[in-house]
Amino acid sequence: MKKTLIKHIKTLYQVESEPREKVAGKDMATLPLIEDAYLAIEGDTIVDFGPMTDLHGVTNWNDLDVIDADGKMVLPAWCDSHTHIVFAKTREGEFVDRIKGLSYQEIAAKGGGILNSAKRLRETSEEDLFQSAMQRIKEMVRTGTGAIEVKSGYGLTVESELKMLRVAKRLKEEAPVAIKSTFLGAHAIPAEYKDNRKGYIDLIVNEMIPAVADEGLAEYIDIFCEQGYFTNEETDRVLEAGAKYGMIPKIHVNQFSNTGGVQTGIKHNARTVDHLEEMGKEEIEALLKSNTMPVSLPSCSFFLSIPYTPAREIIDAGLPLAIATDYNPGSTPSGNIPFLLSLACIKQKLTPEEAINAVTLNGAYAMGLEKTHGSIAVGKKANLIITKEMDDIALIPYAFGSEHIDQTILNGQIQ
Ligand code: NIG
Ligand code: FE
């Protein structure tokens, strides 16, 4: 089995002797660390780590690959818990329309938006969708991502939703990153059902969910619970139907308006509620009484020029927070987590440590990967970032747009 030793690490971050599930409130301000450290990998697994002064024994291994990380930081690879990376075409035409004054909702109302992506996706082969999603993953790996949640939701027919999720399944088998998949048939009402909403919900409940479950294609179920998309009652119906097949909710709520979607998600024991640009005190109170993880998507706020999730209030209330990219062709055409860290620090007033917790351990929890990803612990996957030489980890969010990552290691392999 391949053995690798990373030595003279300037600072090894997010180390755990007692594995934690997630980090909340004040604890988010701290990243447990070891200065001047080593880390040992066997196969795809972290087998040992500690201060250089304790490095005995492992140096006796035969065929040991040694990486000298002098002056560099090592972190767990980022965990991106919310993406829509399986899509057919970028939508830069809509981007220009928005520059000229149209809103995201106005573009959607005239057949753009999600329905535009659905039309393109139906015309695109499974192979082409796979190849383009794989390219996106490769680009994400270069900026340090090691685990990705992938949603359907640009199919909006039984066949096309299955096609998207089959692509996600193949990515799971062939991409170097860990992948979790989410069924998002309730992303928008397709044009064919414009005057028959109930008919589309019936299709999701009676045909799509059983077909997705039959092929074992999704761990999670999602719905865009939002004015102009799906109501709380429709959300109840879809999530109940998914639960019958063991699909756990991770839902889009409170992006443009507050219609009680957070409480609906909590009622269904959602793993996460995502977006949360529009939040009140009641939502924070409700989250405090639940196990549901709030997820912020700051690059969506940046791209659409909408409010940012009140991340500071969420953390100060004692809650955990995960941050994810939302990589998709409409509201966030980027999977760049270092840029997200800058947004979280600059626009949401998180400290670099809080932002890093939000995209490592809490990101892993947000997609049910906290036992294997998101921190440096013996037995966890060797999914790691080696930074370029730096004096302070705050350089990553500070020098936005620069390349800070030297190498990404996934499953023990340098990428
Ligand atoms: O998370 N809000 C809903 N879905 C995506 C956007 C999808 C699109 O515009 O294609 C989001 O922002
Ligand atoms: Fe999304």
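Even glycines carry a Cβ here, placed using N, Cα and C.
From the candidate list His8, His252, the residue TrEMBL records in the Zn(2+) site shared with His82, His84, Asp326 is His252. The candidate list Ser17, Ser299, Ser305, Ser331 contains one residue that TrEMBL assigns to the 4-imidazolone-5-propanoate site with Arg91, Tyr154, His187, Gln255, namely Ser331. In this structure, Asp326, Asn328, Gly330 are the binding-site residues from Arg91, Tyr154, Asp326, Asn328, Gly330 whose C-beta falls under 6 Å of some atom of ligand 1. Checked against ligand 2, the binding-site residues Arg91, Tyr154, His187, Gln255, Asp326, Gly330 give Asp326 as the ones with a Cβ under 6 Å from it, listed in sequence order. When the binding-site residues Tyr154, His187, Asn328 are screened for a C-alpha within 10 angstroms of the C-alpha of His252 (Zn(2+) binding site), the residues that qualify, in sequence order, are His187.
In this structure, of the binding-site residues Gln255, Asn328, Ser331, the smallest number of CB atoms within 10 A of the CB marks Ser331. Ranking the binding-site residues His82, Arg91 by other CB atoms within 10 A of the CB puts Arg91 at the bottom.
You'll find the Cα of Asp326 (Zn(2+) binding site) roughly 12 Å from the Cα of Gln255 (4-imidazolone-5-propanoate binding site). Of all the binding-site residues in the list Tyr154, Asn328, Ser331, the shortest Cα-Cα distance to His84 (Zn(2+) binding site) is found for Asn328.
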